[in-house]
């Protein structure tokens, strides 16, 4: 970067940069040895959890056909963003903190910073897409399979990553973020400094575009999804009540217990419908966890541009790493899904070849009736059963016709 200052200022600036660079090069840690070791262990564990968990999620979706649904394509995109965070962003960030200096050059510094912004932006945009996907599934259940096919989902995923890359890499490569503060300019000239000292305009604009606008869209759409889900649940309960009352009236003049069989079938209907609402809760946990992890950082990122606050480096660092930790949480949340749990167990060889559940045996890519079930005992009521599948839903006697809300049930 060219310096347009006067010669005297130029010399002082060069001297300052040289001294700062020398001090950074030889000052390997700002923490004591014990604290540095503890931080290193914690950061290494976080990296391993992020990488292991998200590789497990991606492997499960790729390997098991029943997990290869439209919404799970978006889940794969989210896992890829978390995986990049664990492989690239977090390890370099850990080295920078522990060594208190940057050893990887200016190009990797910019690339690392842009990758950080890329992963966060791609994650929240993907969560927005998932919310829109669920809104279409619950409001237009019959048209949903044609509205969002796997091919269209691929286009959406590529678009999300393209927009995220444009938002992250272009401004950083063009140096639109550089602050005119002396400390920021000094760091920019120092090959051993990789602090992201942004100007106020970039800090506000990037926070709004990369976080606040997608967050508002996600919250609004997901609120509408919950409203629609509540309406459907009320309709289902009303239908169940009328059906139960009709069965009682029909059985009053009959001898024997013919109505008991109907009651048993009636008791099964809400389970499939409640399963969809459990899927909504799971998606809500994913979105809520992401918001709780990253919202404090982005609030502080905007606040410090309005009010100058001293000694803000440590709070920034803590909140930033809370955001990083979010990448390790999603695989744990997916364990709410029976199919994901079974897939994880099979990948990790934690169970036998067959795992019976609810009268079904889950073998690789197929679900089969277990021997204890009578032939045809479920075939009369159940069309195609996909535990937690996104692409279709079991329909029992006309109830709960909309497609399931997520495979992460």
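Using the three backbone atoms N, Cα and C, a Cβ is placed for every residue, glycine included.
For reference, Swiss-Prot has these:
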- 109-194: disulfide bond (DISULFID)
- 187-193: disulfide bond (DISULFID)
- 3: N-linked glycosylation site (CARBOHYD)
- 11: N-linked glycosylation site (CARBOHYD)
- 20: N-linked glycosylation site (CARBOHYD)
- 349: S-palmitoyl cysteine (LIPID)
- 1-37: topological domain 'Extracellular' (TOPO_DOM)
- 62-74: topological domain 'Cytoplasmic' (TOPO_DOM)
- 99-109: topological domain 'Extracellular' (TOPO_DOM)
- 133-153: topological domain 'Cytoplasmic' (TOPO_DOM)
- 178-199: topological domain 'Extracellular' (TOPO_DOM)
- 224-282: topological domain 'Cytoplasmic' (TOPO_DOM)
- 307-318: topological domain 'Extracellular' (TOPO_DOM)
- 338-409: topological domain 'Cytoplasmic' (TOPO_DOM)
- 38-61: transmembrane segment (TRANSMEM)
- 75-98: transmembrane segment (TRANSMEM)
- 110-132: transmembrane segment (TRANSMEM)
- 154-177: transmembrane segment (TRANSMEM)
- 200-223: transmembrane segment (TRANSMEM)
- 283-306: transmembrane segment (TRANSMEM)
- 319-337: transmembrane segment (TRANSMEM)
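The stretches the transmembrane segment (200-223) and the transmembrane segment (110-132) meet in space: the count of Cβ pairs below 8 angstroms, excluding pairs fewer than 6 apart in sequence, reaches at least three. Checked against residue 109 (disulfide bond) by C-alpha proximity, the recorded positions 187, 193, 349 yield 193 as the nearest. The stretches the transmembrane segment (283-306) and the transmembrane segment (154-177) do not meet in space: the count of Cβ pairs below 8 angstroms, excluding pairs fewer than 6 apart in sequence, stays at fewer than three. Among the disulfide-bonded residues listed here, namely 187, 193, 194, 194 has its C-alpha nearest to that of residue 349 (S-palmitoyl cysteine). Within its own chain, the transmembrane segment (319-337) has Cβ neighbours under 8 Å at 46, 49-50, 53-54, 56-57, 75, 78-79, 81-83, 85-86, 89-90, 93, 119-120, 278, 282, 285-286, 289-290, 293-294, 296-297, 300, 344, 388, 407-409, counting only residues six or more beyond its boundaries. In this view, residue 349 (S-palmitoyl cysteine) is surrounded by 7 other Cβ atoms within 10 Å of its Cβ, with every protein chain counted. In three-state terms derived from DSSP, residue 194 (disulfide bond) belongs to neither a helical nor a strand segment and is classed as coil. Using DSSP to sort the residues of the topological domain 'Extracellular' (307-318) gives these counts of helix, strand and coil: 6 helix, 0 strand, 6 coil.
Rounded to the nearest whole angstrom, the C-alpha distance between residue 187 (disulfide bond) and residue 194 (disulfide bond) is 7. Per DSSP, the secondary structure of the topological domain 'Extracellular' (99-109) breaks down as 6 helix, 0 strand, 5 coil.
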